[in-house]
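Chemist: Please find one structure pasted underneath; my questions will follow.
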Amino acid sequence: MAKGLLFDLDGVIVDTAGYHYIAWKKLANEIGIQFDEEFNQSLKGISRIESLERILVHGNKQDSFTHEDKQKLAETKNSYYLELLNNITPNDILPGVLHIIECAKKENIPCAIASASQNAPAIVKKLGIADYFKAIVDPKTLKKGKPDPEIFLKAAELIHVPPHMCIGFEDAIAGIQSLKKAGIYAIGVIAEGPLPEADLQVHSLTEIDMNIILK
Ligand code: G6P
Ligand code: MG
């Protein structure tokens, strides 16, 4: 039985993964780099600045920008992303999420958000579900991002539940790897390709049987 639930945000709780893709593509086009959905998979779960580095390497432009240029490019991408976020409302919560967090609340099972996104607190607030989460990991406090286990270990620590008694929900390959290295049961939410390293793969969180998770 799970004593704590740890959630990635983008692509698990809300479909902002597509917005990240649109915003990165817009920025990449401006600096003459093209990339497709397949490459975008490798950006999921990866911090803003690391995503930019990967895009620059992909476009063979890793040596074309100074540190300051890169900071500005990352800020520009975030401004595009924030524009897109203006549109989100509680209707954008992905199917199955509310049922899970409501069940967890009734059973006194604490939930936490473990997302690389610095926008996570604002998004959760916008979705009207902030009260369901006992903790949101601040990615700025971490030494390493996903696939390192640090973020999920931190989330478990913040809700005072040992990692092996938690269940984690992730849509990114890097996120599943992070969960597994942390010793946490990993549920993979499939968007495009499969997530073979997950303990359980679902296409939607509506497939989750809370009786099995909580009892
Ligand atoms: C999540 C997303 C990534 C994104 C990262 C940082 O992990 O899956 O695509 O790059 O958060 O998001 P931020 O909102 O801080 O730019
Ligand atoms: Mg995600």
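Glycine too: its Cβ is placed from the backbone N, Cα and C atoms.
Feature annotation from TrEMBL assigns active site, nucleophile to Asp8. Sequence annotations record features per position, and here TrEMBL assigns substrate binding site to 8-10, Trp24, 43-48, Ser51, Lys77, 115-119, Lys146. The Mg(2+) binding site annotation in TrEMBL covers Asp8, Asp10, Glu170, Asp171. The active site, proton donor/acceptor annotation in TrEMBL covers Asp10.
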Chemist: On the three-state reduction of DSSP, what should I expect for Asp171 (Mg(2+) binding site)?
Modeler: coil
Chemist: Which of these binding-site residues is closest to Asp10 (Mg(2+) binding site) if you go by CA atoms: Trp24, Arg48, Ser115, Gln118?
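Modeler: Result: the closest of the binding-site residues to Asp10 (Mg(2+) binding site) is Ser115.
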Chemist: Please identify, from the binding-site residues Asp10, Glu170, Asp171, the residue with the sparsest Cβ neighbourhood, meaning fewest other Cβ atoms within 10 angstroms.
Modeler: Asp10
Chemist: Only counting partners 6 or more residues apart, tell me which same-chain residues put their Cβ under 8 Å from the Cβ of Gln118 (substrate binding site).
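Modeler: Spatial neighbours, sequence-distant, of Gln118 (substrate binding site): Arg48, Pro139, Lys140.
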Chemist: Sorted by position, what residues of the same chain at least six away from Gly45 (substrate binding site) have a C-beta under 8 A from it?
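Modeler: The answer is Asp8, Ala116, Gly145, Lys146, Pro147, Glu170, Asp171, Ala172, Ile173, Ala174, Gly175, Ser178.
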Chemist: Other than Asp8, Asp10, Glu170, Asp171 themselves, what residues in this chain have Cβ atoms within 8 Å of the centroid of the Mg(2+) site's Cβ atoms?
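Modeler: What remains near the Cβ centre is Phe7, Leu9, Gly11, Val12, Ala17, Lys44, Gly45, Ser115, Phe169, Ala172, Gly175, Val189.
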Chemist: Using a 10 Å cut-off, grab the number of neighbouring Cβ atoms around the Cβ of Ser115 (substrate binding site), all chains included.
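Modeler: Step by step: centre on the Cβ of Ser115 (substrate binding site), count other Cβ atoms within 10 Å, giving 28.
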Chemist: Just the binding-site residues from Trp24, Gly45, Arg48, Ser115, Gln118 whose C-beta lies under 6 Å from any atom of ligand 2, please, or none if there are none.
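Modeler: Gly45, by Cβ distance under 6 Å.
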Chemist: Which recorded positions of Asp8, Trp24, Glu170, Asp171 contact ligand 1 in the sense of C-beta under 6 Å?
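Modeler: If the test is a Cβ under 6 Å from any atom of ligand 1, the answer is none.
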Chemist: Measuring CB to CB from Trp24 (substrate binding site), give everything in the same chain under 8 Å that is also at least six residues away in sequence.
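Modeler: The answer is Phe35, Asn40, Leu43, Ser51, Ile55, Lys77.
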Chemist: Counting other Cβ atoms within 10 Å, pick out the least crowded of the recorded positions Asp8, Arg48.
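Modeler: Comparing Cβ neighbour counts within 10 Å for the recorded positions Asp8, Arg48 gives Arg48.
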Chemist: Could you say whether, by DSSP, Trp24 (substrate binding site) belongs to a helix, a strand or a coil region?
Modeler: helix
Chemist: Could you check what DSSP calls Gly45 (substrate binding site) once collapsed to helix, strand or coil?
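Modeler: Where Gly45 (substrate binding site) sits, the three-state DSSP reduction gives coil.
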